[in-house]
Amino acid sequence: MPRLYYLSSCAILLVAIATFCDATTSQIRMPGVVPEADSYLCTSLELSDQENYLTGFKALTTKGTAHHILLFGCEEPGSEELVWDCGEMNKPDDELPRAPTCGSKPAILYAWALDAPPLELPKDVGFQVGGLSNIRHLVMQVHYMHSKQEPDETGLEITHTEEPQPKLAATMLLVTGGTLPKNKTESFETACVIEEDVVMHPFAYRTHTHRHGKEVSGWLVKEDEKQEDHWELIGKRDPQLPQMFVPVEDSSMTIQQGDMVTARCVMNNNENRDISMGATGEDEMCNFYIMYWTDGDVMHDNTCYSPGAPDYRWTREADLNHIPK
């Protein structure tokens, strides 16, 4: 049986939703694919010239089908194909064209895993897409941990409105590389200074690791005139729980130019092998997402990366002090 199938009715549905649907909810779905284990597949949705604001997300799948789903906003998709292999770090698939998620200007809008429930953004907050925005396409990436025997139509239901929202939403990703040594507990850390002239209001966060993750936390760090660091918790969560966006610890928190955002993943490896950060189910991941709103423009660069353990430490590379346990 061939690995990939296209169901014509689903493909037509994607186009119809993108161009003619006036409802407040739309769907983007995989057009009947039969994936192999550890495959990353993408499909895209071209947006109309009418500006819209995304205000809610619901996964149309289960953890038994999809390991996780990422929704990107792109100026251009990584491929013009209906479906393409977008697993840039895993083994190439000779049967599908290979390309990144976005051809230009990628922005993470939403992430789902482990049967997380639907997400509704706060009142008056929305992701600006279509129209004159830089987001002209939505690209959905699905990571399939296991092979499937029947065509799959995993997707997302997206709530949207044409009414302009006074607060613009964005999602920042803090992520590391690195290696988790065999038979050891290790911390993976990243930290970045906010260099853009913005005032961010975090309202939700999400943690993501694979099976070795024990605790993931994100922090806002402000330095005083004596170069003493003051840490404020954005959020902390066991990544083995449903990987949903949950409210931040302090809804009055603001992050602005000159502040530092940090994240740490504590992982325990009881296997007799070293485990790299990577894309497959046999690798690990250390991701912390911050969903925020602004009264003006959102940040242009919403990714904070470090090489992770053993090459990167808060105390050494970021010169941080008073680090919380």
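Placement of Cβ uses the backbone N, Cα and C atoms for every residue, glycine included.
Caution: TrEMBL annotation is automatic and unverified by curators.
TrEMBL lists 1-23 with the feature signal peptide.
According to TrEMBL, the domain 'Copper type II ascorbate-dependent monooxygenase N-terminal' annotation covers 28-149.
Within the same chain, residues at least six positions away from His210 (Cu(2+) binding site) with a Cβ under 8 Å of its Cβ are Gly281, Asp283, Glu284, Met285. Look at TrEMBL and you will find His67, His68, His143, His208, His210, Met285 tagged as Cu(2+) binding site.
Mean pLDDT for the domain 'Copper type II ascorbate-dependent monooxygenase C-terminal' (169-315) in this predicted model: 96. The domain 'Copper type II ascorbate-dependent monooxygenase C-terminal' annotation in TrEMBL covers 169-315.
Neighbours of Met285 (Cu(2+) binding site), defined as other CB atoms within 10 A of its CB across all chains, total 19. Residues His67, His68, His143, His208, His210, Met285 make up the record's Cu(2+) site, and a Cβ search at 8 Å around their centroid adds Ala113, Thr209, Gly281 from the same chain.
With the fewest other C-beta atoms within 10 Å around its C-beta, His67 stands out among the binding-site residues His67, His68. A simple way to gauge crowding: the CB of His208 (Cu(2+) binding site) has 23 other CB atoms within 10 angstroms, across all the protein chains here.
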